[in-house]
Amino acid sequence: MAAPAPAGAAASPSPKPQLPSPFAELVKTPSGLEKVVLRGARNCCAEIYLYGGQVTSWKNDNGEELLFLSSKAIFKPPKAIRGGIPICLPQFGTHGNLEQHGFARNRFWSIDNDPPPLPVNPAIKAFVDLILRPAEEDLKIWPHSFEFRLRVALGPSGDLSLTSRIRNTNTDGRPFSYTFAYHTYFFVSDISEVRVEGLETMDYLDNLKAKERFTEQGDAIVFESEVDKVYLAAPSKIAIIDHEKKKTFVVTKEGLPDAVVWNPWDKKAKAMQDFGDAEYKNMLCVEPAAVEKPITLKPGEEWRGRIALSAVPSSYCSGQLDPLKVLHG
């Protein structure tokens with residue numbers, strides 16, 4: 001196994017990191033944590049904290065926030081930030097022996113000034129590359145050496161993409177396995193007026209019923225109570241329709257076979273110290289993931305998983321998406 005990173009290497013970002021994009025700015029927040037602000041075309045923007053490598057804000061050209069961030073979110077390590085897009089690695093949820101959702105979301109990442117080449121759209125100007133390597137404390141609980149490179153980018157039309165590359169850097173010949181998720185919190189106007197399309201007839205594991213396996217009905221998913229499901233072999237595109245705002249989020253995923261859908265509803269919301277009692281009404285998590293079948297990498301192998309998020313106006317006729325063919329086109 002590779003030698004652990006020097007003490008403190010993963011505990012704080014570089015003193016004066018250089019940002020490769022003139023459309024990215026490193027800002028120190030009132031909490032003392034640093035974040036990168038990406039500014040795209042037509043006033044679109046996104047914010048990414050170095051703590052957790054976590055996107056916490058994504059705004060469209062009207063300045064409208066598209067991601068949910070709890071008003072009670074705690075910006076103090078080692079607490080994870082409630083909202084945005086936490087990264088779950090090397091374990092999703094309780095699917096393993098590590099802490100809930102693994103440790104990547106509550107470690108300090110560094111700006112990656114020399115990432116390996118990544119095919120990109122030349123029209124994308126606003127982006128940042130981050131990197132996470134294990135510190136000694138991580139190797140004690142998960143004894144594997146790895147490099148996790150993350151690119152967050154704003155497209156010319158305001159879409160947001162996250163590309164993860166995870167490489168096994170063990171030097172002792174050992175493979176490792178992990179589960180993963182982009183724990184994406186979408187901001188919605190009213191959860192009772194939201195429906196999700198693209199997961200009809202899919203098999204899922206119900207985390208509220210001891211991970212028992214069921215098959216979804218043929219209708220779009222609507223929300224009337226707590227939901228915590230892992231949809232298996234989910235399609236590459238999923239649509240989240242917010243009727244009240246006449247807006248559709250389109251989630252496109254690559255390298256991530258599953259999709260988690262979660263809303264804690266009222267009782268669990270009240271039990272969380274970093275979540276407002278009624279905030280469940282304004283959020284929905286739809287999380288591209290690899291949960292049922294862990295990803296295994298041999299030394300030197302690299303995995304890539306990507307999501308692209310967009311928000312488009314939606315019109316509805318007889319409960320179907322208009323001819324934009326969001327799910328298929």
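Cβ coordinates are placed from backbone N, Cα and C, and glycine is handled just like the others.
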Per Swiss-Prot, the range holding region 'Disordered', considering 1-20, 21-40, 61-80, 301-320: 1-20
H183 (active site) and R105 (substrate binding site), distance between Cα atoms, whole Å: 10
Residue among the recorded positions D228, E287 whose Cβ has the most other Cβ atoms within 10 Å: E287
Cα-to-Cα gap, Q100 (substrate binding site) vs H183 (active site), nearest whole Å: 12
Distance [Cα-Cα, Å, rounded] between D228 (substrate binding site) and H183 (active site): 12
Between E287 (active site) and H183 (active site): CA-CA distance (Å): 5
Maximum Cα-Cα separation in Å among residues R82, Q100, R105, D228, which the record lists as binding substrate: 20
